[in-house]
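Chemist: Below you'll find the structure I mean.
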Amino acid sequence: MGEKGFRDENAASANDCIILDEGPQRGYMAADVLWNHRIGEVSICDGILALTVCLGFAVIMLKKNATKLTLDLHEDELELYEAVKYYKQGKFSLGPLGPLGVQLYSLGPLCRNFMRKVSLIFSSATLGTFYLGAKRAGISPVFALATVCGVAYLPLFQLQSLQVCLGPLQWFLLSIVFYSWESFTYFPQLSTKWFAHLLLLASSVGLSVSTKYLGFATWAWIFILVALHFWNTISDVQLSTCFVVKSTILQASALTLVPAIIFLISNILQLSHWSEDVPEFSRFMSSNFKAYLRGPIEHPVGLNYGSTVTLRHLESLGGYLHSHNYTYETGSFGQQVTLTQVEGDPDNEWIVENKFPDKNNAMLNKKIHDSDQIRFRHRRTGKLLRASTAKPPVSQEEYDLEVSGTGGFDYDGDSDELWTIRVVNAPRRSPVKPLESIINLQNEGHSCALLAHDIRLPEWGFNQQEVLCVEEPMESRTRFKFELVRPAVEVEEYETYYCKKGKISCIMELLFELWKRQIKYNSYEKNYKAISSYNPENWPFNLIGKKLADNIWVFGSLMPVFFVMYQLLQLLKWNPYEKKQEVSLNSTLLYKVGSECALGWLIHFYPFFKNPHSHLDVTLYLPALLLGQMLSAEIVDSLYKWNRWSLACIAAYLAVVIYY
């Protein structure tokens, strides 16, 4: 190659070496070494070939599956189809999908034929863009083309390509992220093309985050790669401090602000588009969110004795304090007290009574304040809310006490049925305000606090949430609000509770709640009973009985593991005192691209091991597999450049797979 620091007119060959510059302690690699050696150039011919791949895959799929485009929707397709239908009608809905994909699909007609063709366009574009990304990473055209053809051959990729789902859109955005990252590291820093690809990278990350929540894994992956790239940049002592600071600020700003702005805009557009309430979903939302959807809520200024109320547990999804005329099958065998997800159930209603019997109704409409002692009588059955020494039906810790309904309409109760109300977001002795006061309830008979958690009762308890009383509780699980308040005697003082739609703080509060409820709804309500036949640990070995497809799949899954093992072996050979004057260009590319793809594979795969529910489909593994396939292409390409006879081994392996 030419002199160090100057760009060669011809692209580097396989056997070239990178001449290290002399630093104060040891040699170092220049920050723009790929640009200087013309590694990663993409020509017009590459663009034409990528377009041919896109069109070829689309045409083949349309010819093979022309009749499938008009078939009825599969169960897996209903999620996006229903979300788009609700969005077009301006109806509120909850689900695991990000807003951007729903918004894009809603731009066209609500037609399964059209939506399936849109998915095919995205999956076809994925193949072409990944080919360009492989070329930009320095992979030979033959191996880059073979890799995307191998991905296109996978039955699962073909199946998803013709389904009404967001998978193909997410793959396409991931392919843009990969291409723009490789281009970003190829061009000289602070050049026009470098800045353009930085903006493309940031925008594609933002679009990915707004499409599916796995996009956050992509965002984290890019941040880690930027940190590693920064380490390589500061090792170049020829770069001035001012240059490094400018480059770092631009990268940090673009990759933080642009994705965040795209994500916020997409969510705000979704929020402002909702004009019709759907109780099926809004019952899981707070009073604040309900007021946004339904309009201002009118309620009494304070809480009075004799009022009929509903209590809402703040940390639960629905969280309505509930009792019904069924008893526990353990413990005291008293009437069950639970949390339900159903909003308008009459069994959610309780009457707030004074601690002393009020036969003459002298306390009716008297205000209730912090530290007052009250009783809760179930309106339909007359039972009083009680804590006892019996153990709860599910939780069996020493400090857990059962909560049940006891007595009848004529029972006045004792200390077990007496509760001290504590307002945690207002000064002592402040009045209790419906919809505003955050309270907890302390039982006088047992010095414990009313608590609820996500643990469900067995079938005899209708799988509703367990309610118990705990002596030293986790504070967040003891917090409730009075939602519905209906005074026994009409009062004159009412006020309206609503969220100002134009207020930024209100919008952000609604968005944070929406994100939190979406995640919990998907895991706790929608999928809590559903279990997938394939666990994430089995995804890398998803064999379908087709030799070539199975080998392509397993190859892309195992290569990241083999690459990490190879790098660990190389680490054992590392001599920190050795002064090198040159390094192999081939090994440098293998380390760079291999590390990027292996890390991407791990970051896009690992989150599913921490998922709160088990209803996970193997199609979720495809983004990680795409990066695993790219790593496979880099390894095969490096082997070929190291020794061209290795191609014979690869050809022999393929022959065995195909013909035997």
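Using N, Cα and C of the backbone, Cβ positions are placed for all residues, glycine too.
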Chemist: Between 138-157, 558-577, 618-637, I'd like to know which one TrEMBL lists as transmembrane segment.
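Modeler: Checked against TrEMBL: transmembrane segment maps to 138-157.
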Chemist: DSSP says what for the domain 'MIR' (300-355): how many helix, strand, coil residues?
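Modeler: Going by DSSP assignments, the domain 'MIR' (300-355) contains 3 helix, 27 strand, 26 coil.
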Chemist: Is the transmembrane segment (39-62) in contact with the transmembrane segment (138-157), using three or more Cβ pairs under 8 angstroms as the rule and ignoring pairs under 6 apart in sequence?
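Modeler: When sequence-distant Cβ pairs are counted, the transmembrane segment (39-62) touches the transmembrane segment (138-157), since at least 3 lie under 8 Å.
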Chemist: Go ahead and report the DSSP secondary structure tallies for the domain 'MIR' (365-424): helix first, then strand, then coil.
Modeler: 3 helix, 25 strand, 32 coil
